[in-house]
Amino acid sequence: MRIEKDKELMNILKIMAPGTPLREGLENILRAKTGGLLILGDSDQILKLVDGGFKINSEYSPSYVYELAKMDGSIVLSSDLKKILCANAQLIPDSSIPTFETGTRHRTADRVAKQTGAIVIAISQRRNIITVYKGGIKYVLRDSSIILARANQALQTLEKYVAVLDRVVNNLNILEFKDIATLFDVVTAIQRSEMVMRIVSEIERYICELGNEGRLIDMQLSELIKSVEEDGILLIRDYCRSNMEYEDIYKQIQGLSSEELLNLDGLSKIIGYTGVPLVDTLISPRGYRMINKIPRIPSNVIENLVANFNQLKCVMEASYEQLDNVEGIGEARAKAIKNGLRRLREQIMLDKV
């Protein structure tokens, strides 16, 4: 459900993550300090820009790429990265394409990437860095140790944010069962959920860039977040105005800047509450989030429950017969819902103590 703002970048990072044959070849060139220019793609549009060089048409190998980079020209690889098509070639892109790069190699790489939409990699001889271009994207690959340090720092930050979110959500749980939740409590929980998910997105990019070396970070991340995003979406479904689409609201919240996310009044407007006091406005949940915590209750049954009772308190107050009348709920499931909500309430109240 997250908006993939940098989906293209993530795909690029996966191709050249540490441990991949392509990254091994790039690292070899970097260590040799020869510099290099590689283009990934074999479409007619790309091959039209290639002038001269040697037709290699050989299987890809990190050591082959390293040896071929000793020559001045560009190396053209097939789009599936299985073949080296040609080496020592000159790339001649449209010179009218604007670029803010300075070195000849990087200017060419930027223009070819913009003109063809292909991945072009420039390895600087003097600065000893690898720069990746694709369309309008430019990304400098960093050393694994730097990324690992940043990922660990982000995990520590995430841990603190998750602890705050848990406190906010636990408080909201208590208020929901007492039916005294305010708009302030709800938008605070939505805000905290989105803050956590933004850090998660950042860590996921680090994991992608680390490749094989990111497995431990990935395991720690999975342990920390569990069902944070799902709960955040259900929270929106519980409290947004009935005439609004929860998916559109979630996308809108994701599109907010960091400053806008801090504005609780702005968040309340997004879920449909305009010009009302946050602290004094009591709102009741529909029950999506709480009922979802009961084991073995299908989503279509939850939909039917909410459609019939409209509020969590009405579901809790309903008799077995009233629950049994809802489509998809028999006697056994009615008992499971009643007992499940009772156990949830007891557990939440015990956690408070």
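Cβ atoms are placed via backbone N, Cα and C, with glycine included.
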- Message: Of the candidates Leu49, Leu85, Leu91, which one does Swiss-Prot list alongside Gly73, Thr104, Arg105, His106, Arg107, Thr108 as binding ATP?
- Response: Leu91
- For the ATP site given as Gly73, Leu91, Thr104, Arg105, His106, Arg107, Thr108, which other residues of the same chain have their Cβ within 8 Å of the site's Cβ centre? Leu37, Ser74, Gly103, Ala109, Ala122
- Chain-internal residues near Arg105 (ATP binding site), provided their CB is under 8 angstroms and they sit 6+ positions away: Gly35, Leu37, Ala122, Ser124
- Item | Per-residue pLDDT averaged over the domain 'DAC' (6-144), given as an integer | 91
- Please report the number of other Cβ atoms within 10 Å of the Cβ of Leu91 (ATP binding site). 22
- Note on the structure: The correct three-state DSSP answer for His106 (ATP binding site) is helix
